[in-house]
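According to TrEMBL, the features are:
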BINDING   Gly103, Ala104, Phe136, Asp221, Glu222, Val223, Gln224, Thr279  pyridoxal 5'-phosphate binding site
BINDING   Arg139, Ser278  N(2)-acetyl-L-ornithine binding site
MOD_RES   Lys250  N6-(pyridoxal phosphate)lysine
Amino acid sequence: MQVTRATFDEVMVPNYNPAQMIPVRGEGSRVWDQEGKEYIDFAGGIAVNCLGHCHPAMVQALTEQGQKLWHLSNVYTNEPALRLAAKLTAATFADRVYFANSGAEANEAALKLARRWALDNYGEHKQQIIAFTKGFHGRTFFTVTVGGQPAYSEGFGPKPGAIEHVAYNDLAALEAMMSEQTCAIMMEPLQGEGGVISPDIEFVKGVRELCDKYNALLIFDEVQTGFGRTGSLYAYQQLGVTPDILASAKSLGGGFPIGAMLTTKEIAAHLKPGTHGSTYGGNPLACAVAEAVFDIVSSEEVLAGVKAREQRFKQRLADINSKYNVFKEVRGQGMLLGAELSEAYEGRARDFMMAAAEEGTMCLVAGLNVLRFTPSLIIPEADIDAGLDGLERAIAKLVG
Ligand SMILES: Cc1ncc(COP(=O)(O)O)c(C=O)c1O
């Protein structure tokens, strides 16, 4: 059966507006479309393909597990899930893991756990969840309401309540909002979708102190920053601030859908049998792949390589900017980088992204003004250079 981009408009719900070309094959940081055109992939499936496309270790884990056991449900546990949870707890602050299928589901579990923990320990008055403007936590109704972009949560009827927002990096505003009624603060330790915005370290430390002062839980949404993306297994490890609950997804499965919520033994105890769940959570195929990803990404060599690639990327973006003066700022950490367009090109990030794709470089946007790059953590230097050559050609064409 021959399918084309036109088929999308005929058979798919129109909530996405995908590019005209249809990718059919990927290897490492390169992708080919139906016409055989080659692309350098700086999008990485939106910060997911942390080892590129079809990494041999992942293919091996998937095919081996695929010949053993595909699915059980949580009526039974399984070896890949137990091994992965053991590795995640050994490598982080957490003692307990809950597996889900996506970032939104990992956050949903985190929020429900926080509410239940507060109810059990303090009573019904402690429900307030505070999150940050421009934050993004997923598209379930609870997580999208906690997210700081109202346009995404409006038009769906009554929203979950007791959720408030405050500006990122504004500790005084946060403190003014907090009280003994605060149940949890949810934040990304670097806002991805919101524009690749890093927090001030003092702000993050202050958030932790306020959580301790008001007996509230600190939830880090590391769906985008986690699993090596910023140069440590999780971003909290570089910030030196430990959350009470952490949500992981995206790079965790390297392209296979999986999410995880990590927390302490004491907090986890509040999700008693029957309080929460998911048919596929902890699926053996997903966990086997994630374990293979973990074994590679958690190595010192790979994490150090992320930092080296960050330097190369940023230097080259600065060189491009010195020629064309298109960026106001290049920022971000590790392989989660953003280039904010200068005023002359305000609102045109999508045009730059499309022009780059024409030149064979796949990248992303974060809002209207920021070009975002989230390639494989092990992208070869030659591919960084080739992809940025494509971006430079696109910029040269666009700005004349
Ligand atoms: C920080 C953050 N949280 C949550 C999500 C939602 O993850 P998913 O789309 O897997 O539900 C995203 C996705 O972009 C994200 O960047």
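Yeah, the Cβs are placed from backbone N, Cα and C, and that goes for glycine too.
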> Looking at the recorded positions Arg139, Lys250, Ser278, whose Cα is closest in space to that of Gly103 (pyridoxal 5'-phosphate binding site)?
Replying inline: Lys250
>> Rank aside, I only need the closest one: which of the binding-site residues Ala104, Phe136, Asp221 has its C-alpha nearest to that of Ser278 (N(2)-acetyl-L-ornithine binding site)?
In response: Ala104
> Which binding-site residues, if any, among Phe136, Glu222, Ser278, Thr279 have a Cβ under 6 Å from ligand 1, given in order along the chain?
Replying inline: Phe136
> Could you state the CA-to-CA distance between Glu222 (pyridoxal 5'-phosphate binding site) and Arg139 (N(2)-acetyl-L-ornithine binding site) to the nearest Å?
Replying inline: 16
>> For Ala104, Val223, listed as binding-site residues, tell me which one has the smallest number of other Cβ atoms within 10 Å.
In response: Ala104
>> According to DSSP, does Gly103 (pyridoxal 5'-phosphate binding site) sit in a helix, a strand, or coil?
In response: helix
> Given Thr279 (pyridoxal 5'-phosphate binding site) and Arg139 (N(2)-acetyl-L-ornithine binding site), what distance in Å do their CA atoms have, once rounded to a whole number?
Replying inline: 19
